[in-house]
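Peer 1: Per Swiss-Prot, the feature coiled coil maps to 426-495. Taken from Swiss-Prot, the feature compositional bias 'Low complexity' applies to 104-118. The annotation compositional bias 'Acidic residues' is assigned in Swiss-Prot to 119-135, 492-501. The compositional bias 'Basic and acidic residues' annotation in Swiss-Prot covers 192-207, 420-439, 451-462, 481-490. Residues or ranges marked as compositional bias 'Basic residues' by Swiss-Prot: 208-218, 440-450, 463-472, 582-592, 615-628. Taken from Swiss-Prot, the feature phosphoserine covers SER86, SER223, SER225, SER367, SER369, SER372, and the record attributes it to a large-scale study or a structure entry. Sequence annotations record features per position, and here Swiss-Prot assigns phosphothreonine to THR220, THR542. The region 'Disordered' feature in Swiss-Prot is assigned to 78-147, 192-229, 412-541, 582-628.
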Amino acid sequence: MAGENPKKEGVDARFAGIYSDPKFKNTKTKDHKIKLDSRFSKKDLEVQHKSKVDKYGRKIKNAQNNRELEDFDKYFEKEAENDEDSEVNAKTVVDRARGEVPDDYVSSSDEFTSSDSESSGESEVESEEENEVEIENAKPESGDISKNLAVVNLDWDHVKSEDLMITFSSFVPKGGKIERVAIYPSEFGKERMQREEVEGPPKELFQKKNKNKTSKKKKTDDSDSDMDIGIKDLYEEGDADKDVDSRALRQYQLDRLRYYYAIVYCSDTTTSKAIYDNCDGTEYESTANMFDLRYVPDGMTFDDDVRDECSILPKNYRPHQFSTDALQHSSVKLTWDETPADRVEVAKRAFTQKEIDDMDFKAYLASDSDESDGQVDEEAKNKLKSLVGDFGFNSKKETPNDEDEEVDMEITFTPALEGGNEKSSEDKEETTIEKIRRKEKERRKARKQKVKELKQQSEKDKKSKLKSVNKKHTNDEEEIEKNAKSKAELELLMDDDDDTETQGTINNKAHFNMNEILRSEKEKHKKGRYQKKERIVEDTFTPDLEDPRFKEVFEDHDFAIDPTQPEFKGTQAMSKILKERSKRVKNKKRKLGGSENNMTNNADDNEDIGNLVNKLKKKSKSSKKVKV
């Protein structure tokens, strides 16, 4: 045996026996199984574990039960199966020493060729399936140019007439105009939509592919029909794509593009041609929808009901963000029962107070009164007019003959009828919108009443305050004037004349700068060559010494001026004030005392003045020394 198996290249001679020695031969899993007689069977495990079912009656697979069944198949086998296998082995005994080969033997090269053929066959099938799902590629000829254009093969669940109006108006030439855009249902669309209203989406979408199913899955599948399981999975989260034929679903979604078509009414042929040349074959935003435009012969009419139309460019337009999965994605979703995008936006948008007041849901709710109700109202009006006659309506058209035949009519109103009408109106059920409006009206009414009460209360408070103010007004007028005067004086006093930033400038409030005046006074006392004439500021202020308002400044001792104080400013005006004060003091003393007393007083005054002058000279000398 060792000689029959050639040594493989690159293998050590010491390990050559691995390929021929039976000790190293791998045992089959089949030989490890334990043989069981007829007393034991797989059905015992199935009976032991009862399968649970979901709300649709389908069995729920339990991982533990499946594991036990798999272990049973792995480690046990029946006697009958073993006997059958032994018979088969006995019949098919192959003498490998003579070069015989079993019937089911397949070489590696054959495996590769067979796998290639299978894969090529599968690819051919897939390519055929993909070729089946296509849009209408063979576009007819454009034909003669006309004023009107037809737009086909768009996602009409999201595209509205106002979207087309906004898009095409960008390509209108000067002098042209789009009169209106209308969307009509096609014959194919009407037939399909009528069928879907009764049956729903086509049942072909939910058929299972049982070609490649394994035997295990066939055993675990229930007896439910493919149609029922598909519809159930459609409403289960995460199971919608399991039993849906993706190819049929894609074809259905592409067919929905042909349910409607739009007609663009242009003012002239130049406008329609410009739109056709610029838009045909282009993509609408990033939705994967390509504009497919066709010329419509002039004079062609459309009798179908208009789904929606647009004749004026809408204000505050916002395009819808969407994409058609059937045109660009591998996974396609069923949009048959999808909520319209407009309704979702209306539900999510926050309404203003005005929009709540004028809430209009006509597009989604049926109106309370139809045309038949209007006809009934007209008939009731005509009947009442016939009962009342010409009384109060055609009095100007009466003729003398009519006066002879005139008959008085008595009209009585019974309160019972009015009460009945009230009861009938009360018996009517209130809709949700009416309930919202009623509550909003009550809320607004309560808010207005509250605001009104607050206004009345504030007016009362104002009146009471005004009364109290009027009483105190006479007493407070004098205080207000005093406060104003003191405020003005404080503003002048609080002005900072020593501010470094404002030095050299005139104070706008006081109309002078005291620092500049003092510097100029010092410069005047210097000798001519040391003077800085450009810094000399002329003090043009002349105090009114005869003003009676400043009488106390010159006569009262409380306003005495001490030149030795550091706050003293030796200006021309201040010197005049000092002279005037001393003059008036002297005159006062002369009037009060005799001539002798006056002489002594004058001498004393002169001495005092002399002392003051000496003190000032000493201070000035000391200050000069310090500066040097």
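Just so you know, glycine gets a Cβ as well, placed from its N, Cα and C.
Predicted, not measured: the structure shown is a model, and the values here were computed from it.
Are these features on the surface or tucked inside, and what are their neighbours?
Peer 2: With a cut-off of 8 Å between Cβ atoms, none of the residues of this chain six or more beyond the compositional bias 'Basic and acidic residues' (451-462) come close.
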Peer 1: For THR542 (phosphothreonine), write down the residues of its own chain that are at least 6 apart in sequence and whose Cβ falls under 8 Å from its Cβ; none is a fine answer.
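Peer 2: When sequence neighbours closer than 6 are ignored, THR542 (phosphothreonine) has ALA573, LYS576 within Cβ distance under 8 Å.
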Peer 1: Using DSSP, break the compositional bias 'Basic residues' (440-450) down into helix, strand and coil residues and give each count.
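Peer 2: Secondary-structure composition of the compositional bias 'Basic residues' (440-450): 11 helix, 0 strand, 0 coil.
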Peer 1: For the coiled coil (426-495), what's the model's average pLDDT?
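Peer 2: Mean pLDDT across the coiled coil (426-495) comes out at 78.
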Peer 1: Could you put numbers on the helix, strand and coil content of the compositional bias 'Basic residues' (463-472), residue by residue per DSSP?
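Peer 2: Here the numbers are 10 helix, 0 strand, 0 coil.
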